[in-house]
Structures are given as structure tokens and as C-alpha cells.
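For reference, the structure is listed below as C-alpha cells.
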Amino acid sequence: MKTFSVTKSSVVFAMALGMASTAFAQDFCSNAQHSGQKVTITSNQTGKIGDIGYELWDENGHGGSATFYSDGSMDCNITGAKDYLCRAGLSLGSNKTYKELGGDMIAEFKLVKSGAQNVGYSYIGIYGWMEGVSGTPSQLVEYYVIDNTLANDMPGSWIGNERKGTITVDGGTYTVYRNTRTGPAIKNSGNVTFYQYFSVRTSPRDCGTINISEHMRQWEKMGLTMGKLYEAKVLGEAGNVNGEVRGGHMDFPHAKVYVKNGSDPVSSSSVKSSSSTDAPKSSSSKGNGNVSGKIDACKDVMGHEGKETRTQGQNNSSVTGNVGSSPYHYEIWYQGGNNSMTFYDNGTYKASWNGTNDFLARVGFKYDEKHTYEELGPIDAYYKWSKQGSAGGYNYIGIYGWTVDPLVEYYIVDDWFNKPGANLLGQRKGEFTVDGDTYEIWQNTRVQQPSIKGTQTFPQYFSVRKSARSCGHIDITAHMKKWEELGMKMGKMYEAKVLVEAGGGSGSFDVTYFKMTDKAHPLAQPEPESSSSEAKVESSSSTVALHAAPKMELKSGNFQVFDMQGRFLGTVKLDAGASVAQVLKANFKNAGIYMVKQGNFMQRVAVK
């Protein structure tokens, strides 16, 4: 029998590690305080501070305020609201079910509350939405795990149409209800009908840990269907259907939601958020302009990098191909004139035209016509460009692509030489707000015109931004969802690319920052160096094992990059004289802790 020796020092170390971890878990109940950057909100708004998604919403739009901190904590004040919600945590983007996150969703909270007047109902705990829930009205579910309240008593049987039973989670007993509600919901204008799921704790508590995933497992056993998670946030809510709540205060000096992989908690930065689709719970369709991850295309510097390839295209014919070893694809197409396109390995490109009847140049994702945008997404673009000259009678700058089955040509127009009008766009279908501005939505019909499938009759879909811009983020998926809500059917994706199109004139276009992401090519999300969850990771056994691994002496050449959850981010090249941190910063933009691997050795690298 093979035996293993264990030294006394290793046993002592393991015991100390376990005790430290336990102490940390209990510490926030007695020693919690707000820390980090903060933002104070006084009207309905969603946003991000650090890697924390937050929202303040009340039915009046002016019935309170909230201060959100970059450590996840928040301070919520009600001055006079019919229904008030204050929440912070994970914005998940409706991409995965709770089973697909790679671990359990865990919430920690510490609550300090003061009494409010005229409280009809109040829910303090966990809150979120799910999309794509089969068998439910509008495929939406609003869910709650309620651990406390501003009211005199915890919610009772009045909260739901259906009592499903009781469960025991995190040392407490919860009663589970399902309710059918018609009212405001995410991503909808006006009222819609949806289900609500509730876990209501029998005895309220003002501090503790909530295993959100365990509640969802128990809900499923009771026949409640789960969907794709839109969010999971610590919540303070209070309202009254017959008046206003006045004077309530819910302070959360500690609040955190993370995904726990095995024994290692993962901060909210490890889950890709939905960027601008994080619309507020209200009767308005207006969203916000937040960008997933930490990319700021307007400030970050990229420039033209890698091999330069120039093509003059071919009259009345598409010239296409891959952009170096990147995941991107290019295309140039025109009718007449003297035109060209120059593209670079990082996806940036230049284009020029002179005397053309119609000119298109574009770079982005080329798909196989087998999957919908929902299956491929979320799809996002980050860009910075400049333009000169003129572009004739019509022109579009933004996102462009096609779908098949049905055949559709689509545009998201963020910029122009001359703003396109109704004569080019067809029938106005509506408007919505995303990425910080309102877009008007139009549908046109092209009769027997050139297409990716030859000469065809097909619809064109347009989202046209009210104010032009030359840099920022475009949530492509949000536009497509809105089009379908308006009856504009999308098919299987052929492409999604950053485009310049000119209907004449003489001009040039230069994209100096370019990045696109989708499910297959997500935005890198390393764990923040300064987060409190990093302190926990430092004390975890798996991180100790990494520290115990032989440290490598980094040499010039290629090495692989991983985030702290072991997800592969890409391969980068280290040139002689450069530091690894500099190379990581240049390639991934985000500050944080990375793991780099060269040969059989791995090493942690901090990027500030």
C-alpha cells in the first residue's frame, strides 16, 4: 500500500486556512462598512460601478434615492414612492440558466433598516428576472428570495395565487409561492403578463448568506420552470397599492452576489453582463448606455496593428475573406468608381471611394446560416472611427448584416454623412432606447434587388440613432430582440459587421478601434485585483496550490492566458524587453489577475 507523509506544518497551515476562511465568512455580519467608489442616484436609472450592476426604480420616478458602491454595498432611501426598488449585484444578460453558470450563485448581505410609514408590502433579499421560460406568459419570470421586510410582518399567502410548499435552505424554512401578474416588466413597453416565484423565509434575518441556486433547484422540484437568467441582485423593495411609502431606509453595508465554483467564490466580474440591455423595471422601453466589461472604445487606444492588407475589390462583385488569424471576416462590394479597402489583423480598417454608385466595406463576424442571433449571442460591437468627404445621396455607418430564412438585410445606423430620411427607410415601426440614446426603427422592402442570394425581393430593417456618434458600444442583440417584438422576423444569421456604405461622392472612412464579441468570442473578464472576493480566493486551497506550483521564468515567445476561473482567454506573444503585464494590458484592456502558461509552468500576473 502506498503511503503519504503529512508534515505537522502542513496540518497547522490547513487548519489556520480553514479558520481564516470561516472567520471571513462571518465577519461581515459584525464588521461591515461601505467601501470603494460610489454613485448617488435620485431618479430611475440602471448602471454599473466597477463590476457591479445596479438599479434604482420607483413607480413615480422621484420617490427616493440610492447610493451604490463599487464593493457591491448600497444605501437605499425612500421619500415617497408607490413602489420602490433598489438593487445591486449580477447583471447576467439572459445567456445562461442557473445550471450553466459553472457553480452556485451565492449572495451575502448585511441589512440595517429603519421604520417606514404606510408600507403595504416590502421584500428584502434577492431579486431578478428570467427570460425564455417555457410554459409561462410572455416567457418571463420575476423571482424573489425574501429574508426580511420593512413591513410589520413577513409576506403571507396573499403574495401568490399558488402555495407550492416549504423548503429548508441556509438553515431557515421558506414558503414557496407562484403568482401570475400583469404589470411592468423588463424589455417591454406597457404591461405584460408574467409569473412571479417567491421563497419567503419564516423568520426574518438581517444578515447571512443565501444560496440562490439551491432555491432554484427546489423550485424546479416543485414544478416551477427555470429560464435564462437576466439578473441576480440584492434587493430592497417597498410599496403600497393605496398610497405612498414614506421615510423608509434600507442600508446594506455589505452586499455581494457571486458564482461559487467548487470552493472558490467568483466575483460578478466573472460573468459577462448584458451591457445596454439591462433595462429598468418600468413601463418605459428605455434602457441605458452601459457597456459590458470594461472596454471604453472612446478612450482606449488600439490603432492599426498587425499585417496590412489592401484590396480594390471587384466591380459588381463581393470580395471577401478572413482577417488574418482573427475571428473576423471582411467584405468589399461596389457598383462603379475607384474604391479600396485596407484591413489589419486586429480588425481595424480603412476604406475610400470616389465616383461610386454604391460602395460597402465591412469587417466583423461571418456566420454559417445555421443559428439565430439568440443562439449566437449576445453579440456586441465596440468601435471608434472617423470620416471625411461626402457619400452621395444615401449613406449608413454602423452595423450591417443579413439573415436567411427569411432573407433580411439589416442596419444599425450610428453615424452618417447625411442622416437617412423616411424616403430611404420605409415604414416607421417604433423606437426604443439603448446604449445611451433613442433609435427609430424602420422597415423597407427591396423589390428584385441584389442580395447575398442573388436578385431577390426582401425586407430591410433599420435602427437609426437620433444623434450621430463616432465611438462607443452597440448592443446588436438588443436591436434584434426589439425588431422581433415589433413583428420584424429575423432568420438564421449570415453576418454581423461594422459597415460604411456610400451612395456616391468621394470620401474616406477609418476605423481605429474595433472589437466584436459573441458567445463564441466573449469579452475577457478577469477577476478584479481589488475585490473582496479576491481576498477569499487568496485563502482558498486551489489558489494555494497555484502558489505552490513552480514559478516560471517568463521568456520571449507565445504564452497562453487564462482568467482566475481557468477560462482560456487567448494566446499572446511576449517580445524581448517587454513585460508580461504590459502585453496583457495591451491585449485584454482590463485590470485584474491573470494566469499565464508557458510550457508546463503557470504564473499569476497582476495587471493594474
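Cβ atoms here come from the backbone N, Cα and C positions, even for glycine.
Note that the structure is a prediction, hence the values are computed from the model and not measured.
Residues or ranges marked as signal peptide in Swiss-Prot (evidence: experimental evidence): 1-25. Per Swiss-Prot, domain 'GH11 1' is recorded for 40-250, and the stated evidence type is sequence analysis. Look at Swiss-Prot and you will find Glu142, Glu409 tagged as active site, nucleophile. Residues or ranges marked as active site, proton donor in Swiss-Prot (evidence: sequence analysis): Glu237, Glu501. According to Swiss-Prot, the region 'Disordered' annotation covers 263-296, 520-539. Residues or ranges marked as compositional bias 'Low complexity' by Swiss-Prot: 263-294, 527-539. According to Swiss-Prot, the domain 'GH11 2' annotation covers 316-514.
Of the listed active-site residues Glu409, Glu501, the Cβ environment within 10 Å is emptiest of other Cβ atoms at Glu409.
Close to Glu237 (active site, proton donor) in the fold, though at least 6 residues off in sequence, lie Asp83, Tyr84, Leu85, Cys86, Ser122, Tyr123, Ile124, Tyr127, each with a CB less than 8 Å from its CB. For the domain 'GH11 1' (40-250), the model's pLDDT averages out at 91. Cβ environment of Glu142 (active site, nucleophile): Tyr127, Gly128, Trp129, Arg181, Ala185, Phe194, Tyr195, Gln196, Tyr197 lie under 8 Å away, each six or more residues apart in the same chain. Here the CA atom of Glu501 (active site, proton donor) lies 13 Å from the CA atom of Glu409 (active site, nucleophile).
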